[in-house]
Amino acid sequence: MPVDQRPLAIAVMGPTASGKTALALEAAERWNGEIVSVDSALVYRGLEIGAAKPDAPMRAAVPHHLLDLRDPWQVYSAAEFATDARLAIAQIVARGKLPILAGGTGLYFRALLEGLSHLPEADQTVRASIAAEAQQIGWAGLHAQLARVDPVAAARIHATDPQRIQRALEVYRISGRPISAWQALPPGPRLPVRVLKVVLAPRERAVLHARIAHRLDAMLAQDFLGEVQRLRALPQMQAVAAPLDLPAVRAVGYRQAWQYLDGAGGLAEFRDKAIQATRQLAKRQLTWLRGELDARWFDPERDRHQLEDAIVGFLADRPAVRQASGV
C-alpha cells in the first residue's frame, strides 16, 4: 500500500468553553506548530474579551493566523475563510511547521475540510438593496420572499438569521438560481492535508455548563461590558441602521450585552441570557460534531493521556514534523 505523503494537521474542535485554546497552545509549543483560528468571532477587530481572543503573550509564544481580519461592521464569509485558511496552512507547511486548526465554528471547518459549492460572489449593490428592504418589511418579510423562490433554503434558514437570508436572496437575485440548487452541486476540492480531528467535550453536561458560567463571570470581571460599550461608540457602528444584524454583534454574549446596554433588563438578567445563549451555542456545536464520524472525542480533564497518545501516534510516521527543543 502506498504511503500517504500528504502533510499533517491537527484540528482541535469542541463546544465553547471546552479548553480548545489551551490545548492548541500546548500542542503548538510541543510539536512546533502554528495555530489557525477556526472561529467566526475572532476574525473581527475589537472583539477581544467576549470572544476569548488569544492575548499578546499567547500570540508571542505561538504564531496565530486569521485573527483580526475585519472591522466589526464588516462581513466575512465561510468561503473567504476557506481561501485564507488554505493559504495560511500552505505557508505553515512550507516552514516545516505543524498546522493546528482550533475553533468551534462548524461551517468554517466544513468549508475548509470538505469544500463549498461554487456560489456567485457577493454583490454589494444587491446586498445593500436587500438590507434596505429589511428596514421596510423586516427580515421575517424577506424570509417569506425566500420561501416563495427557494422553499428548500427557507426551510433550513431561521427567520431570525439575517445574514443567511440576505445571502440566499442575493444569490437568487444575482443568478436567477436558488441557493439550494447551487449547494446541491459538487463541492470544490478538499484540503490536501491529512487531519486528525480531536473533539474536547466534558462527558457531563453540567461540567460544561459550569465552565460556561465561570468563563462569562471572568469576562465580566475583565470589563467585557466596557468592551461592548467601546464598540457601540465607534462612529462606523453608530452609522449602521441595524447593528444587531451584524455578524460581529450576533456573536454569543455580544448580542446580549448590546441589548442590555440598550436598556433591556438588568445586569442579572443579562448574565442569565448570555449564559443561556452560550449553552444553546454549545448544544448546536455538539450536535454538529456528532456528525463528524472520523473525529476522536476526549474529556478535557479525564482523557489527557489518551489525547496525548492519539496525537503522538498520528505524528509518529512523519519525522519531518519537529518537536520544539527541550520537549
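Note that Cβ sites are derived from N, Cα and C of the backbone, with glycine treated the same way.
Here Swiss-Prot flags Gly14, Pro15, Thr16, Ala17, Ser18, Gly19, Lys20, Thr21 as ATP binding site. Sequence-distant contacts (6 or more apart, same chain, Cβ under 8 Å) of Ala17 (ATP binding site) comprise Leu208, Arg211, Ile212, Arg215, Thr278, Ala282. Under the DSSP three-state reduction, Ala17 (ATP binding site) is assigned to coil, being neither helix nor strand.
Around Gly19 (ATP binding site), the same-chain residues at least 6 positions away in sequence with a Cβ under 8 Å from its Cβ are Leu200, Pro300. Marked as substrate binding site by Swiss-Prot on the basis of sequence analysis: Thr16, Ala17, Ser18, Gly19, Lys20, Thr21.
Distant neighbours of the region 'Interaction with substrate tRNA' (39-42): 50-51, 53, 66-68, 76, 81, 102-105, 107-108, 247-248, 251-252, 254; these residues of the same chain sit at least 6 beyond its ends, with a Cβ under 8 Å from one of its Cβ atoms. Summarising the annotation, Swiss-Prot assigns region 'Interaction with substrate tRNA' to 39-42 (among others) and lists sequence analysis as the type of evidence.
Summarising the annotation, Swiss-Prot assigns site 'Interaction with substrate tRNA' to Thr105 (among others). Secondary structure at Thr105 (site 'Interaction with substrate tRNA'), taken from DSSP and collapsed to helix, strand or coil, is coil.
Note: Arg127 (site 'Interaction with substrate tRNA') has non-local neighbours Gln166, Glu170, i.e. same-chain residues 6+ apart with C-beta under 8 A of its own C-beta. Summarising the annotation, Swiss-Prot assigns site 'Interaction with substrate tRNA' to Arg127 (among others).
For the region 'Interaction with substrate tRNA' (163-167), same-chain residues at least 6 beyond its ends with a Cβ under 8 Å from one of its own Cβ atoms are 75, 77, 127, 130-131, 134, 139, 142-143, 146, 157, 179, 245, 247, 250. Residues or ranges marked as region 'Interaction with substrate tRNA' by Swiss-Prot: 163-167 (among others).
Across the fold, the C-alpha of Lys20 (ATP binding site) and the C-alpha of Thr105 (site 'Interaction with substrate tRNA') stand 12 Å from each other. Listed in sequence order, Val38, Asp39, Ser40 are the same-chain residues six or more apart from Thr105 (site 'Interaction with substrate tRNA') with CB atoms under 8 A from its CB.
Compute the center of the Cβ atoms of Thr16, Ala17, Ser18, Gly19, Lys20, Thr21, which mark the site for substrate; besides them, the chain residues with Cβ within 8 Å of that center are Gly14, Pro15, Ala22, Ala52, Gly104, Leu200, Arg211, Pro300. Computed over the region 'Interaction with substrate tRNA' (163-167), the whole-number mean pLDDT of the model equals 93. The DSSP breakdown of the region 'Interaction with substrate tRNA' (163-167), given as helix, strand and coil counts, is 5 helix, 0 strand, 0 coil. Sequence-ordered, the extra residues of this chain that approach the ATP site, with Cβ no more than 8 Å from the Cβ center of Gly14, Pro15, Thr16, Ala17, Ser18, Gly19, Lys20, Thr21, are Gly104, Leu200, Arg211, Pro300.
For Ser18 (ATP binding site), the Cβ neighbour count at a 10 Å cut-off comes to 26, with all displayed protein chains included.
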